[in-house]
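Colleague: The structure under discussion is supplied below as structure tokens; questions concerning it will follow.
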Amino acid sequence: MTGPRKLYIKSYGCQMNAYDSLRMADMLAPEGFSETNDANDADLVVLNTCHIREKAAEKVYSEIGRLRMMKDEAASAGRKVTIAVAGCVAQAEGAEIMRRAPAVDLVVGPQSYHRLPRLLEQAARGERPVETEFPAEDKFDFLKNPTREKIRARGVSAFLTIQEGCDKFCTFCVVPYTRGAEVSRPVAKILAEALRLADAGIREITVIGQNVNAYHGDGPDGQTWTLARLLRRLADIPGIDRLRYTTSHPRDVDDSLIAMHRDLPELMPQLHLPVQSGSNRILDAMNRRHTRDDYLRVVDRLRSAQPAMAFTSDFIVGFPGETDADFQDTMSLIEDVGFAGSFSFKYSPRPGTPASDMDNQVAESVKTQRLKELQELIDRQLAAFSRNCVGQTLDVLFEKVGRHPGQIVGKSPYLQPVQVMAPPSLIGTIAPVRIDDTGSYSLFGTVAAQDAAEPPRYAPLAAMGA
Ligand code: SAH
Ligand code: SF4
Ligand code: F3S
């Protein structure tokens, strides 16, 4: 059953979901689905959901409520709208979604979206399928490749999944359950995808995985490749001028990866390295399997290899048993490192995870207070980091036209949006920009003259700590 139909995908949660949403659209394109930005226009709505915190899961049910009304209205006008729930809520509570939300036509887990065409046929017959197995086949072998035009229309920077799942089992986290065991894609398949991206005009690739630096994929030479080795190979691809990887675990930062930050000019001097807490007692209860000092040592070694390095992190406040002293340990770790931004969350008990059964849960009001303090400190560090960029010249990869006439916007090596007055012909290129000012979120600058000599790819920033 094909024919022109409209697809609307809404993505929640992490970069893995953002990537998966694009691949679902690619999978459905040959079925006659074209994408729309307007849910009201859609014949098929896919909610690609996140289960990481309670609020994230609740959002799904309120969104389904809104969609149900839209679906009913369309039905009274004689148009059938299909609602699919994908992603980590689908994986964690697929059967419950079907019970609670009769408007949902199908549920598909993150490892099964290559089966969407078949599931849609079943849904059309009124079957309401729930597909949350971890299938034996590799979904990537069945996914359809997007055209060059489609890749480029999505921007100059792309995500590429190289690893999925997690074996770490932090006691607060649902990911090992929703995404399953750690699996690395083979090098040859990753290279083929990277070459396709480069050929379509992509300049920056961010390789992604729930635990990306645990990557250990089969190489074409019969050896197991590390992330470092993969990055070195990706850096050789003509046209790929910027590389990033996310999200990393402190335990899996090895010497070879640190060396890449020294040796590969393509590897951006910015790393998202979640630490969660600065208290050894809490890190132990979280089963993070690293200490505060381990983390600080990794940061130091990376800064020695690459002085321009900037760090961002994730923090959880109010983990069960967290005392004021534990929280102060987190605050002092933040002071010691000096972050260029971070994500921080109140601990949210997740069904089925060990921490949700711990009996020393922290009061909501305490969590709120600690989160506020922590975010104020991070905001101050972020502001200092941005101010420190003023007067420096940073390489900017231009991505799109800006909101004001004559303006274009790109990203600094540190992922800061940079706005300049310059012709749109610069979009898709990297140029040095002198940073003149900072806004609350972006930087403002002027395109600097290209030196005849090789320009600095990124200006070293003063160490942010202390
Ligand atoms: N794989 C990544 C990201 C995991 S989820 C990693 O290991 O870092 C992203 C962030 O959500 C985590 O780093 C953590 O800070 C937060 N998070 C995960 N579970 C949570 C929970 N139960 N309550 C609050 N925050 C949580
Ligand atoms: Fe979750 Fe920990 Fe795995 Fe990250 S490392 S995905 S926080 S279990
Ligand atoms: Fe959320 Fe699943 Fe990502 S729970 S953070 S969408 S792996």
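Placement of Cβ uses the backbone N, Cα and C atoms for every residue, glycine included.
Bear in mind that TrEMBL entries carry predicted annotations, made automatically and left uncurated.
Fair warning: this is a prediction, and the values are worked out from it, not measured in the lab.
Below, the features straight out of TrEMBL:
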- C14, C50, C88: [4Fe-4S] cluster 1 binding site (BINDING)
- C166, C170, C173: [4Fe-4S] cluster 2 binding site (BINDING)
Colleague: So which of C50, C88, C170, C173, listed as binding-site residues, have a Cβ under 6 Å from an atom of ligand 1?
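Modeller: Checking each Cβ against ligand 1, the ones under 6 Å are C173.
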Colleague: Filter the binding-site residues C14, C50, C88, C166, C170, C173 down to those with CB closer than 6 A to an atom of ligand 3; keep them in sequence order.
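Modeller: C14, C50, C88, in sequence order.
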Colleague: Among the binding-site residues C88, C166, C170, C173, which have a Cβ atom lying under 6 Å from any atom of ligand 2?
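Modeller: The binding-site residues passing the 6 Å Cβ test are C166, C170, C173.
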Colleague: Using Cα coordinates, what distance in whole Å links C14 ([4Fe-4S] cluster 1 binding site) and C173 ([4Fe-4S] cluster 2 binding site)?
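Modeller: Answer for this pair: 14 Å between alpha carbons.
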Colleague: Near C170 ([4Fe-4S] cluster 2 binding site), which residues of its own chain have a C-beta under 8 A away, given they sit six or more steps off in sequence?
Modeller: Q276, M286, N287, R288
Colleague: Under 8 Å Cβ-Cβ from C166 ([4Fe-4S] cluster 2 binding site), six or more apart in the same chain: what's there?
Modeller: C173, V175, P176, R179, A181, E182, Q210, N211
Colleague: Among the binding-site residues C50, C88, point out the residue whose Cβ has the most other Cβ atoms within 10 Å, with all shown protein chains included in the count.
Modeller: C88
Colleague: Which residues, same chain and not among C14, C50, C88, have a CB within 8 angstroms of the centroid of the CB atoms at the recorded [4Fe-4S] cluster 1 site?
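Modeller: Other same-chain residues near the [4Fe-4S] cluster 1 site: Y12, G13, M16, N17, T49, H51, I52, A56, G87, V175, T178.
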Colleague: Enumerate the residues of the same chain, C166, C170, C173 excluded, that satisfy the criterion Cβ within 8 A of the mean position of the Cβ atoms of the recorded [4Fe-4S] cluster 2 site; list them in sequence order.
Modeller: K168, F169, F172, V174, V175, P176, Q210
Colleague: Near the Cβ of C14 ([4Fe-4S] cluster 1 binding site), how many other Cβ atoms are there if near means within 10 Å?
Modeller: 19
Colleague: Tell me, how many other CB atoms lie within 10 A of the CB of C173 ([4Fe-4S] cluster 2 binding site), whichever protein chain they belong to?
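Modeller: 21, counting other Cβ atoms within 10 Å of C173 ([4Fe-4S] cluster 2 binding site).
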